[in-house]
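So the structure is just underneath, and the comments pick up after that.
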Amino acid sequence: MLRLTRPAAIRQLSILQSYFSLNREERIFLINVNIFMLGNAISSIFVTLFLWVSTKSFFVIAYYQLFSAVFIPAGYLFYGYLSDRVRASSVYRAGILSFLLFYLLLLVLGERASDFVSVIGTLNGLATGLFYTGNNVLVYDLVRGANRIHYSRLNNMINPLTGIAGPAISGILLLLIHGFYGYYSVFAMSALIFLYALFRSTGINSRISSRQFSLKKTVEVWFENRSYRHLSINDFVRGFVSMMSSIAIVALVYISSRYAPYVADFAIVSSVMQVLTAMNVHVRERPTLSLLALTGSLLMVFSTLLLLPPLSYGKMLLYGTAAGVAGPLISIPYSTSVLDAIDTDPYPATNRTYYIVNREYTLLFARSSAILVFIAVYSAGRDIIYVSLLMIFASVLQMIVPFIIDSFYKRRATSPTEIIVS
């Protein structure tokens with residue numbers, strides 16, 4: 001049986017108690033992040049679908065994701081080298097602005113977007129890197145102590161709510177406006193929300209790092225902190241699995257349904273299950289954090305068997321339901337362990353940037369590996385069965401996550417805390 005320990009027990013709180021346990025700045029940040037996530041939820045899956053409908057090619061989607069993955073670290077390096085002069089909150093705002101420009105570019109290019117897949121992929125990567133650099137540093141800077149588990153729980157509940165509202169808005173727009181103009185209306189809606197999020201983000205501020213960034217120090221910090229080095233394995237696995245899903249799932253749903261609004265329905269079902277699961281994750285005084293992640297990982301393995309041909313929309317909905325439950329069961333223990341690993345550094349405030357850059361390079365390696373594996377395997381057969389088998393392989397690989405989390409907390413040898421589903 002998996003057992004682990006975490007710092008002192010955190011008493012069980014209701015959702016409202018969890019929210020009001022956060023201070024004012026933490027609440028503002030939580031809300032702003034999820035305003036951004038709403039804009040992202042409206043359009044993100046439909047960028048992939050737009051490329052699929054335009055080209056009917058998995059390779060175009062893979063190349064788009066490859067350019068995006070390669071350029072994500074540029075945002076992290078930008079902040080790294082300027083971290084002693086630029087606040088993370090400014091980089092966070094730059095990321096939102098870049099996403100705004102990304103969707104405006106899609107509107108300008110229209111049906112020619114697939115001809116500029118390298119350009120839009122690069123801009124998406126830069127925007128993602130800047131936004132998540134700022135977001136990751138701000139989470140560490142603004143959310144402290146016991147509030148981390150409350151913030152993680154609330155974010156894992158609210159974020160899927162945006163995942164419900166976003167596809168619902170997209171589905172309505174695609175029902176009302178047919179053809180490519182339906183996609184353009186979806187992208188325009190996201191651009192407006194990003195503009196609002198950019199305006200609201202002016203109330204979020206963070207400190208400037210007290211240490212000048214260097215790539216050499218990035219490597220040294222990774223080797224010095226065994227705990228964080230250990231958890232880098234989880235970063236790789238999560239990056240590999242998420243990229244494989246990004247390439248495959250939207251196209252598989254569309255292939256099984258042949259109707260774009262059904263893709264929105266699939267996203268809504270998955271997000272509803274994420275919300276219900278996150279709402280029922282509570283903290284108590286018995287060590288089952290890794291058991292929670294193990295449950296989610298096993299559920300993902302069995303759910304991917306539904307992706308085997310023959311495909312049907314009903315099977316895809318069952319997969320979306322199971323994946324929606326599994327997501328929070330894995331992500332809450334995962335995100336909490338990452339923050340706790342940074343805290344094992346004797347100088348976490350000054351070294352936090354190095355951990356974030358290290359994590360991003362691990363994710364770059366993972367995402368690029370997933371894309372190259374996908375291209376190699378799919379090129380060999382060019383059949384849906386290969387896509388399904390790759391998704392099964394990725395879910396089996398994810399089984400390592402709970403065991404890494406368990407090993408990390410055992411080494412810390414601290415007082416136990418439990419997260420359970422009630």
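Using N, Cα and C of the backbone, Cβ positions are placed for all residues, glycine too.
Look at TrEMBL and you will find 28-52, 58-79, 91-110, 116-138, 158-177, 183-199, 236-256, 262-279, 291-311, 317-339, 360-378, 384-405 tagged as transmembrane segment.
Between the transmembrane segment (262-279) and the transmembrane segment (91-110), the number of CB pairs under 8 angstroms, six or more residues apart, is fewer than three, so the stretches are not in contact.
Highest Cβ contact count with the transmembrane segment (91-110) among the listed stretches 58-79, 183-199, 291-311, 317-339, 360-378 falls to 183-199 (criterion: pairs under 8 Å). Using a cut-off of 8 Å between Cβ atoms, the transmembrane segment (317-339) and the transmembrane segment (384-405) share at least three residue pairs, counting only pairs 6 or more apart in sequence. Highest Cβ contact count with the transmembrane segment (183-199) among the listed stretches 158-177, 291-311, 360-378 falls to 158-177 (criterion: pairs under 8 Å). Using a cut-off of 8 Å between Cβ atoms, the transmembrane segment (291-311) and the transmembrane segment (58-79) share fewer than three residue pairs, counting only pairs 6 or more apart in sequence.
Residues of the same chain lying 6 or more positions beyond the ends of the transmembrane segment (58-79) and with a Cβ under 8 Å from any Cβ of it are 47-48, 51-52, 86, 88, 91, 95, 114, 117-118, 120-122, 124-134, 137, 243, 246-248, 251, 353, 356-357, 360-361, 363-364, 367-368, 371, 374-375, 378, 387.
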